[in-house]
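Visitor: Encoded as structure tokens, here's the structure I'll be asking about.
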């Protein structure tokens, strides 16, 4: 049985240092819950908080990721009024994020599989946090705000695109299989928590201090998170990604072109890609357009209500489509909030299941495969966000948008039910050994 390791990659561990976490872990030969009477319990207690701390830190990082990401949709109505944007132009700004999001998914997973996901997470968080904080400055000092904001959102997508592939790589390499579902569902819930926080606090800041404050606060908090992670968890090590580290990939990430072709021909792999494509595209569309929908349909409603309540519900894909379809008809504000809450809450089941399924199917290249999957989802998100803006202007009704979301959701559900499975399909599982932690 392999001894437990914390989330630090092997090449950052000083084997001679008596206070190193890896050396502490070696005196904990048993996995949690399987401790013998003669085990060093004090050392075990020192090991156990490490996994918990990392879980909380990654949850907080994902929360801040969405605080920065959702800042633009929350402020889009105010910015459109100030800069005179049409619905189509607002859709272009909102959708540009996903164009950038497409390009770094596979790259982020590829690099994470080789150098460690924690390095990629740290570098990207410092970058997208800084970009968020500088967004208002770019808007005011550019003669064409529509161009600067489109470019800023594109860069945000590039920088945030590596986050989830890095998490998937980190989880597949360092977490025991039985605990991956817990970790990914816990950390994944940070997306809804972040949307909840920025929906409430952001709406208040928007009303009291203007839309600029939303970007400043969320950006600076993200940079602070990256600094604390580097200072206190990585102990000031790195993060330096060299060409040598990229070239010296271990067995964990060595898959040939032939293996990739065989992998992508597996029905279960195609099913999880299509399902994530449908889930992500509908989620991104709702995330981008819901604040505008409520402002247009219920102009007297309080922003913190419809930006917070839908994200308080944590409940999948097929049932959520029913509530989305109900939005097509004429409804009151309370019922609209209830339907949206049920829709967003039920999609959390789909997110947790699909994210873990990738690690079940291909743990040797989970980061890169998740990158492929997320690229497809982001690209479809680009098309749906922009196309939704076109539908709203062309039809003058939100019913067409919600009908489209329902159709795409049901397509993903049918595909997953027909072809999905949890059997490993990448390579022979006896060829590789993984260092695991237990959370």
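Any Cβ shown, glycine's included, is placed from N, Cα and C.
Heads up, TrEMBL stuff is auto-annotated, nobody curated it.
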Visitor: Can you say which of 182-202, 245-265 is given as transmembrane segment in TrEMBL?
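Guide: My reading of TrEMBL: the transmembrane segment range is 182-202.
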Visitor: Looking at the candidate ranges 53-72, 153-172, report the one that TrEMBL labels transmembrane segment.
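Guide: Among 53-72, 153-172, the range TrEMBL annotates as transmembrane segment is 53-72.
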Visitor: Could you tell me whether the transmembrane segment (120-139) and the transmembrane segment (268-289) are in contact, taking contact to mean 3+ Cβ pairs under 8 Å with a sequence separation of 6 or more?
Guide: no
Visitor: Quick one: find which recorded stretch in 92-111, 120-139, 366-387 has the most Cβ pairs under 8 Å with the transmembrane segment (399-420).
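Guide: Checked against 92-111, 120-139, 366-387; highest Cβ contact count belongs to 366-387.
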Visitor: For the transmembrane segment (366-387), name the stretch out of 53-72, 92-111, 120-139, 182-202 with the most CB-CB pairs under 8 Å.
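Guide: Answer, by Cβ pair count: 92-111.
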Visitor: In the same chain, who gets a Cβ under 8 Å from the transmembrane segment (120-139) while lying at least 6 residues past its ends?
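Guide: The answer is 58, 61, 64-65, 68, 71-72, 79, 83, 108, 111-112, 145, 148-149, 151-152, 155-156, 159-160, 162-163, 166-167, 170, 211-212, 215-216, 218-223, 225-227, 229-230, 234, 238-239, 241.
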